[in-house]
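Reviewing the structure listed below.
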Amino acid sequence: MAAIDAVLDAAGVKNSRVRDFVRQWAEHTGAARVEVVNASDDARLIAEAVEAGELLPAGEGRYYSRSHPKDTARSEERTVVATNNESDKGVYNNWKPASEMRPMLTERMKGASAGKTMYVVPYVMAPPGSPLQPYATGVELTDTRTVVLHMIRMARVGVEHVNELADPDYFVRGVHVTGDLDNLGQGTPDDQRYFVTIADERTILHYGSSYGGNALLGKIAHGLRQATYDGWASGKFLAEQFLLLGITDKQTGRTYHVCGGMPSASGKTNLAMILSPDALGDRYQVHFYGDDIAWLWVDPEDGRVYAINPEFGAFGVAKDTNEATNPTAVEAIAEGTGTIFTNVAYNEQTQDVWWEGRTKTPPADATGWRDWKGELISERSEAEKDAPWAHPNSRFTTTLANIPNIAPDYTNPKGVPVDAIIFGGRTRDREPLIRAITDLAEGVYDGLTLGAEATFAAEGTEGVLRYDPMSMRPFMAYSEGAYAAHWLKIIGAAKDQPIFAHVNWFQRGEDGRFLWPGYRDNLRPLLWLMQLRNGEVTGRQTPVGIVPTKEELQLEGMDDLRADDLETILSIDTHRWRQEMGHREEHLKLFPGMPEEIWEAHRRVAAGLEAEQGK
Ligand code: OXD
Ligand code: MN
């Protein structure tokens, strides 16, 4: 105890509530020692991790790690939102009573960090000075050094963030205990892991993983689950799994900000880091703010919706990242950036890294290459020879400052005013390139019915979406009906509301080809949306929103785009849409307490489609 106090004194931790929290859990988990972390400790911790073999060098100023092979992704089944009030139970939040989960997790964590260091990571998930900073402050206790190194990249870390709190007790208490990864029964009926956010006690207890969102508690557990709950409980803000970008029209000098959600594998990170197509680059400059989380609130002074990216880094999926799909990311993870790669393939001789899609084919010379599990590629058996070299959920972790087109004002605590909120799934038919929605309830309704197509065999029936409301399905912290009402309330309070839109880059022809090339060309529909908001174009009204006319899209340089394909992606397939409305109705019925405005929006869209069909 005295030893812990001495460490806290030496580190300058003055907040007595933080000190109590550290003492309590250090004792309970049996950690051998406590160490308080500041961002300035990065170089030393990196050196220690390299020395201990937890990280391997991956070229100058880059690092490589492998996670335990049974610990490679977020586990949704083992993730729970607990509170003291059963009315917080939703369809997706896997709600359990706090009175059950706190003792269970406390029991599992007892003595479970014996012999290890407990790192104390004070952090803030917001640019300092943000009006939402009080909700953004937390302390993660973790028994794993690589988790600390990821936290330093993903959040603003330092003791100063907890010393000067207006209410010293108001910080998120996060405890991460890795456990014995060999013996946790991952994925079996005897699974020991639990990832619990006790939302009304602002406590996060994660046991049984040291990977990604299971272990970096600032990001998903705090930045999304806790924050979405706090935003609702306080009545002040929204926290969403959204990207955030800025588009400056150099001709007019105006900048627009777009945020929005996409279910996984729908290209959110690529869109967040997009560059203007070459043919339009002289006119438009795109800036990156965030690729995964946005917090939104209304500024009472000007009545506009503002957004921040609470994160400090990007934890991106490596697969398919290359110069064509995401040149910005390639630069952000180059040598000298401090990037940490996890579970990609690694060459122990050249210290090079590779993942599927990095280049068209794997390196021709397999000498020195090991796959994500650490097995030599050259020694693979015939049966294993086609297995991926990198894990499909392998990642890179780099700080925002490394992203070459980072917005100059990305640290502005005031955030940026939001002009548009977009939703985008992955849909092979029906969904046009873009459809804009000007009505608030219809926009929120569209977000609630967001989904990506099931890849049939595995996930469901072809043509039926796996719905992922607002791309928040795994992060919902309270009931979906209350969530929808909260959206209507927050955005409804804005005098100058953002326009909504739904985008889809994934329509295919009968031969399977993509009708729209995607990537950098995806800026074009967003430019149209900004012009629509400005009243410079009018588009064509359909029952599901306003779609561009062919003439309105800026298509310079797209000589290969087929006229019939363009026609298809700007039209509405009424028959398929009417089918979809049936599925949406079933989906919405799952959620008790869905506000009447949302049902009215649904009925309005359905009636419009019926009228269209009758024409
Ligand atoms: C996620 C992530 O799991 O962003 O969604 O890492
Ligand atoms: Mn995410």
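Just so you know, glycine gets a Cβ as well, placed from its N, Cα and C.
Remember, it's a predicted structure, so these values are computed and weren't measured experimentally.
For 20-231, the entry in TrEMBL reads domain 'Phosphoenolpyruvate carboxykinase GTP-utilising N-terminal'.
Taking all protein chains in view, 25 other C-beta atoms sit within 10 angstroms of the C-beta of Y211 (substrate binding site). Summarising the annotation, TrEMBL assigns substrate binding site to R74, Y211, G212, G213, S264, N393, S394, R395.
For 237-605, the entry in TrEMBL reads domain 'Phosphoenolpyruvate carboxykinase C-terminal P-loop'.
The active site annotation in TrEMBL covers S266. DSSP classifies S266 (active site) as coil under the three-state reduction. Listed in sequence order, G424, G425, R426, A452, F506 are the same-chain residues six or more apart from S266 (active site) with CB atoms under 8 A from its CB.
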- line: Filtered by Cβ distance under 6 Å to ligand 1, the recorded positions Y211, G213, S266, S394 reduce to G213
Field: Helix, strand or coil at N393 (substrate binding site) [DSSP, three-state]
entry: coil
Message: In the three-state scheme derived from DSSP, which category covers R74 (substrate binding site)?
response: coil
Residues satisfying Cβ distance under 8 Å from S394 (substrate binding site), sequence separation of at least 6: V317, A318, K319, F341, T342, N343, V344, W355, W372
Where G212 (substrate binding site) sits in the secondary structure, as DSSP reduces it to three classes: helix
Task: Using Cβ-Cβ distances, find the residues under 8 Å from S264 (substrate binding site) that belong to the same chain and are at least 6 apart in sequence, listing them in sequence order.
output: A452, S471
Query: Using an 8 Å cut-off from the Cβ centroid of R74, Y211, G212, G213, S264, N393, S394, R395, can you name the remaining same-chain residues around the substrate site, in sequence order?
result: T72, A73, F315, V317
